[in-house]
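Take a look at the structure below.
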Amino acid sequence: MCMPCFTTDHNMAKKCNDCCGGYGKCFGPQCLCR
């Protein structure tokens, strides 16, 4: 799991994805890696 996802950050989805190495998704407040 990566950093928490903040809905106020418009780049959050990309940051989550990058953190997971290209396979991340924001699910509620959590950044989940596949």
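Placement of Cβ uses the backbone N, Cα and C atoms for every residue, glycine included.
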Swiss-Prot annotation, disulfide partner among Cys5, Cys19 for Cys2: Cys19
Disulfide-bonded cysteine for Cys5 as listed in Swiss-Prot, from Cys20, Cys26: Cys26
Among Cys16, Cys20, cysteine joined to Cys33 by disulfide in Swiss-Prot: Cys20
Entry from the disulfide-bonded residues list Cys2, Cys33 having the most other CB atoms no farther than 10 A: Cys2
Alpha-carbon distance [Cys33 (disulfide bond); Cys2 (disulfide bond)] in Å: 7
